[in-house]
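> Take this structure first; my questions come after.
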Amino acid sequence: AAMEDPNTAWPPLRETLLPGARQRKQQSEDTCIGQLGLDRPTQCTSISLVAATFCGTALLFGSVMLVANGYPVQTMEGRMRIPLKRMERSARHSIMEMNSETTVGLAQLAGMPDGDNPSNAPVVPLKDFQDAQYYGEIGLGTPPQTFQVVFDTGSSNLWIPSARCKGFNLACMLHHKYSSTHSSTYKKDGSSFEIRYGSGSMTGIISRDTLSIGGLTVPNVTFAEAVSEPGMAFIFSKFDGILGLAYPSISVKGIPTVFEAVMQSGKLKSAAFAFWLSKDPSAEIGGMLTLGGADPNYYSGDMHYVPITRKGYWQFDLDSVAISHKPVVSKASAIADTGTSLIVAPKADFESIVKAIGLSTDNSNGQSQYAIPCDKVDSLPTLSFKISGRIFALRSSEYVLKLQLFGQTSCQLGIMPLDVPPPAGPLWILGDVFLSKYYTLFDFSNDRLGFADAVSKPRHN
């Protein structure tokens, strides 16, 4: 498909979904869509479920936060690796036990060009809890003030809590806060910044300072200091802020993105990043973000490249979706987004998939996610996506999620319905259920994605 003109901007996804949110309580689906759409930024629209309020148990255990942690960063010429660490306990699980709603950040990480030897590249390790939440560490200021952030390919701005938070703001009180008075490299901007969520608006001011990420130091990075954070979501989250990795065209107020700033520093070999997510819940390092290209240590076989069809989110064309190799859906648009934990499908497509898998609609119990008897999982058929002529398959054990709660194991379908209204939608969202199986390159230089088989363990120490 031909690339669409990036200047024909989509209306903010938050605005397209919010009207439904204001009039919900009519049907459980309306409620869910409202609560999901709710937490889409109004002005620039992260489609990834960053700070999404979950409907019942619909997404409570599926979402993934990719946040860097304090692991040693490995550097290579023109590239960097950022290890991500899996948290010991998911905030989502705690909220679920309290029978309450929560919002959680989801995310994504980055990498290096195909075929290059990354043995000396910078790295950020990830750590994860039951494929749930991943954190990464960045520093702001001189000396660096450290923050745990979600790396989100569904948005394009960086924001963190501010020491200027006013009044009784629990979210601010319970997280690390940036203090401009403690940084010798702070530069004042002072203009206002706002992203609206279903639970309220995240408001703040724009500032500039030196960013430390994965062994790199980048001066004069523009970011937002959050003065007010809405709802329970941010109170219980384990991340401090969000670092967006989508295209600059969806950046709120046209603020230059962090990745643009990193590239302008001349310290990366290529305007690309790649993400690997470990499936091993016992692994100390739960994933890896590599800036500068793809890292062959994290995938096997060749990289399959897919052109971006619209520069905003990382959007591409799906040839078809099949169950047991029989096409059920043909010709659809999709985005790759580790900020979304599940696979998200338009409602009509979702119903076709559920029917083809052989599940009863009664299994949803009024929710957007389907419960499955754990002893039946192995008998379910293969789910596959045909993308630019190549088949990417998921076994049932890979698209069904297992949740440990109250000492018991439950199994639920890692696919859920959500209708994204035109002109942005309809859209499929291939979140971490898909991306944990396939190592993914996000290549700004060539406006393309690359997919390859992810290795279970990297080939270096």
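Glycine too: its Cβ is placed from the backbone N, Cα and C atoms.
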> According to TrEMBL, Cys172 takes part in a disulfide bond; indicate which of Cys55, Cys165 is its partner.
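Between Cys172 and one of Cys55, Cys165, TrEMBL records a disulfide, namely with Cys165.
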> When the Cα-Cα distance from Asp152 (active site) is computed for each of the recorded positions Cys165, Cys172, Asp337, which gives the smallest value?
Asp337
> With Cβ-Cβ distance below 8 Å and at least 6 positions apart along the chain, what are the contacts of Cys172 (disulfide bond)? List them in sequence order.
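Listed in sequence order: Pro161, Ser162, Cys165, Ala226, Val227, Ser228, Glu229.
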> Does DSSP give Asp152 (active site) helix, strand or coil?
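Asp152 (active site) sits in a strand per DSSP.
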